[in-house]
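Among the features that TrEMBL reports, pyridoxal 5'-phosphate binding site is placed at Gly112, Thr113, Phe145, Asp230, Glu231, Val232, Gln233, Thr288. According to TrEMBL, the N(2)-acetyl-L-ornithine binding site annotation covers Arg148, Ser287. The N6-(pyridoxal phosphate)lysine annotation in TrEMBL covers Lys259.
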Amino acid sequence: MTEPLTAAPAAGANSQNSPVLMSTYARQDVAFVRGEGAWLFAADGERYLDFGSGVAVNVLGHAHPHLVEALTEQATQLWHTSNLYRSPGQERLAQRLCATTFADRVFFCNSGTEACEGAIKAARRYHYVNGHPERWRVITFEGAFHGRTLTALAAAANPKYLEGCGIAADGFDNIPVSEPEALQAAIGPETAAIMVEPVMGEGGVRVVPAEDLQLMRALCDEHGLLLIFDEVQTGVGRTGRLFAHEHAGIEPDIMAIAKGIGGGFPLGAILATEKAASGMTAGSHGSTFGGNPLAMAVGNAVLDVVLEPGFLEEVSRKAARLRQSLAEIKDRFSDLVLEVRGEGLLMGLKLNPDVPVADCVKAALAEHLLLITASDNVVRILPPLNISEDDIVEGTARIARALSKLTVPAR
Ligand SMILES: Cc1ncc(COP(=O)(O)O)c(C=O)c1O
């Protein structure tokens with residue numbers, strides 16, 4: 001017999017959690033059983049408009065026919081062989097990623113964290129094999145998020161996430177973003193790389209200005225460092241370009257991607273130039289499931305759609321529409337909404353600090369709209385890239401209805 005979804009919580013458990021799952025997530029009390037495009041259907045038959053895309057994952061919405069076909073076709077052929085053998089799917093996807101980016105080499109893994117850690121490892125090993133084993137430190141930025149493993153947490157240096165995890169891994173110099181002097185001062189003889197998200201998604205949808213990214217590129221060139229972009233959240237069309245760094249007109253040496261490239265199937269990758277990949281020698285890295293045939297079938301299918309002529313232009317057009325509606329919402333609810341932030345279809349509303357962002361997400365859920373929290377009291381808005389114009393109108397109307405239920409408490 002299946003457990004009722006609202007089974008009584010064990011002592012100490014969060015009421016929205018099953019008593020047999022660890023209480024790591026503050027889950028909303030709704031369970032989805034089916035999805036279609038930008039819409040999700042709950043177990044009770046109610047439908048919800050998805051403006052969260054599973055945190056930037058479902059770039060083509062739910063149950064996209066081309067992805068479904070690619071996955072089911074592959075499922076009848078071959079699921080897994082390991083990386084002990086050649087993989088036509090990996091070779092094809094890597095070739096396409098290299099053809100459309102700065103990269104010459106790709107390593108496939110399963111998640112964003114794994115891609116970020118692999119990117120850090122690639123940078124350190126680059127210096128190691130090139131005669132500079134002392135260069136292992138990585139400059140990272142306050143408010144960053146690179147994942148949940150111990151090293152990824154150390155990289156982002158967020159005390160909230162590091163609490164209780166022992167002494168944080170050494171090798172990271174975490175500095176404020178947009179402070180050129182702090183950046184220059186952080187570079188020393190042990191520095192291997194600078195690592196940054198072009199838009200800090202979890203950190204409050206903070207767009208790193210193009211001039212800051214350009215300065216990082218220039219400093220890396222000057223000091224022989226590698227520039228790592230974490231495009232786990234911003235990549236694969238999310239900001240209206242295939243990768244967000246294209247807006248700044250510069251290229252990294254290494255890039256971590258995940259989320260969107262799998263369209264909902266677990267898939268991550270490290271992309272690198274030939275030079276930056278030189279430390280990733282035989283036996284230096286690996287992943288049992290990384291680049292498995294199912295993931296490759298879906299990854300290639302995602303690219304089929306995202307690389308179609310005109311697709312990214314459409315994303316930018318819809319993003320402009322969304323931004324305009326959000327600006328109107330800000331004007332209408334000026335006491336609640338302090339700022340509209342973001343790039344493309346990765347947008348955020350910074351709320352008045354007296355109104356907890358979780359209240360806004362809850363109010364939106366009551367309007368059957370899914371939104372996502374971010375740091376800095378920002379509510380994140382990331383609809384599927386192929387959302388319809390009508391659904392943007394519908395979603396922003398629901399945001400307005402949700403905000404109309406919130407009040408700023410009197411001081
Ligand atoms: C920029 C960035 N890097 C890394 C990660 C970690 O990815 P994952 O949860 O797939 O390990 C995330 C996840 O939100 C992210 O937004």
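Cβ coordinates are placed from backbone N, Cα and C, and glycine is handled just like the others.
Where the annotation comes from TrEMBL, it is an automatic prediction and has not been curated.
Because the structure is a prediction, the values reported are computed rather than measured.
Counting in whole angstrom, Val232 (pyridoxal 5'-phosphate binding site) lies 18 from Ser287 (N(2)-acetyl-L-ornithine binding site) by their C-alpha atoms.
Residues near Lys259 (N6-(pyridoxal phosphate)lysine) in space but far in sequence (CB under 8 A, at least 6 apart, same chain), listed by position: Val55, Ala56, Val57, Val59, Gly112, Val232, Gln233, Gly235, Val236. Counting other Cβ atoms within 10 Å of each Cβ, the lowest count among the binding-site residues Phe145, Arg148, Gln233, Ser287, Thr288 belongs to Thr288.
DSSP assigns Gly112 (pyridoxal 5'-phosphate binding site) to a helical segment in the three-state reduction.
In the structure as shown, the Cβ atom of Val232 (pyridoxal 5'-phosphate binding site) sits within 10 Å of 30 other Cβ atoms. Taking every pair among Gly112, Thr113, Phe145, Asp230, Glu231, Val232, Gln233, Thr288, the residues listed as contacting pyridoxal 5'-phosphate, the largest Cα to Cα separation comes to 25 Å.
Sequence-distant neighbours of Glu231 (pyridoxal 5'-phosphate binding site) (same chain, 6+ apart, CB under 8 A from its CB) are Glu197, Pro198, Phe243, Ala244, His245, Met255, Ala256, Ile257. Under 8 Å, Cβ to Cβ, and six or more positions away along its own chain, Asp230 (pyridoxal 5'-phosphate binding site) finds Gly112, Cys116, Ala119, Ala144, His146, Met195, Val196, Glu197, Met255, Ala256.
Residue environment of Thr113 (pyridoxal 5'-phosphate binding site) contains 21 other Cβ atoms, counted within 10 Å of its Cβ in all protein chains. According to its DSSP assignment, Lys259 (N6-(pyridoxal phosphate)lysine) is helical. In this structure the C-alpha atoms belonging to Ser287 (N(2)-acetyl-L-ornithine binding site) and Thr113 (pyridoxal 5'-phosphate binding site) are separated by 13 Å.
For ligand 1, the neighbouring binding-site residues among Gly112, Thr113, Glu231, Thr288 are Gly112, Thr113, by Cβ distance under 6 Å. A coil conformation is recorded for Ser287 (N(2)-acetyl-L-ornithine binding site) in the three-state DSSP classification, outside any helix or strand. In the three-state DSSP scheme, Asp230 (pyridoxal 5'-phosphate binding site) falls into the strand class.
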